[in-house]
Amino acid sequence: MDFSKDIILDNVSYTYAKKTPFEFKALNNTSLKFKKNKVTCVIGTTGSGKSTMIQLTNGLIITETGQTIVGDYAIPANIKKIKEVKRLRKEIGLVFQFPEYQLFQETIEKDIAFGPVNLGENKQEAYKKVPELLKLVQLPEDYVKRSPFELSGGQKRRVALAGIIAMDGNTLVLDEPTGGLDPKGEEDFINLFERLNKEYKKRIIMVTHNMDQVLRIADEVIVMHEGKVIDIGSPFEIFSNIELLTKIEIDPPKLYQLMYKLKNKGIDLLNKNIRTIEEFASELAKVLK
């Protein structure tokens, strides 16, 4: 069974608090694909269905219609029990918005090794990997015996992320992974996600409200609105579509905000696929010659 191929959500739906006065349709018969080895960012306003959608990917919740297909494994609608749930959750690691609240062991070593050991990995082998995982998330290797509760919020988040990476799955699903971090923490995490994708060939699925991060890291952007996918494209295709951004009430990245202002002054760089300040400076210099 191969979980590394495309993840397909086929005509999926999900309703919270069904048959109560608080009933809310979070997903409404929508479909999409997360491609192998790609970085996909999911954007949309609060309540658009982003977080619900990513929880379908590893069976945390089950669709009410259609099916979830992970590689060559299908999870039909309304199924009561997923047969391959342990392997599915090993291969697709879901990192919640504040993963540091998931820490519970008395040492960092035990916390990071908990997932692999729980899924059947030899305990000694799992513990042996911990120093290298700490190094990967930019924490000192000698932290292994420390309590996670002695760490700062940002450090706890690094430990929690190391615990997900320890399971060595092919996919990381990240729900607002840099929320609440300082600028250096944000930069470190985005650098790590880029490295995990490029060097370790991990598929990254990231829900975020930070459009600057989307512009930097995404191969593809999925736009959610009122429980449906309303657009899919490259960062260039999405952020150069001002009508779309207005509809979903999302401001473009700062670089695109600057380019929109320049367009109003008669300098149009929006037809260029610009992703960095260096590319922007180069294209602007050509226009001003």
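The count begins at 1 with the first shown residue.
Using N, Cα and C of the backbone, Cβ positions are placed for all residues, glycine too.
Within the same chain, residues at least six positions away from Ser51 (ATP binding site) with a Cβ under 8 Å of its Cβ are Asp175, Val207. The ATP binding site annotation in Swiss-Prot covers Gly44, Thr45, Thr46, Gly47, Ser48, Gly49, Lys50, Ser51 and rests on sequence analysis.
Here Swiss-Prot flags 7-251 as domain 'ABC transporter', drawing on sequence analysis.
Taking Cβ-Cβ distances under 8 Å and a sequence gap of 6 or more within the same chain, the neighbours of Gly47 (ATP binding site) are Ala26.
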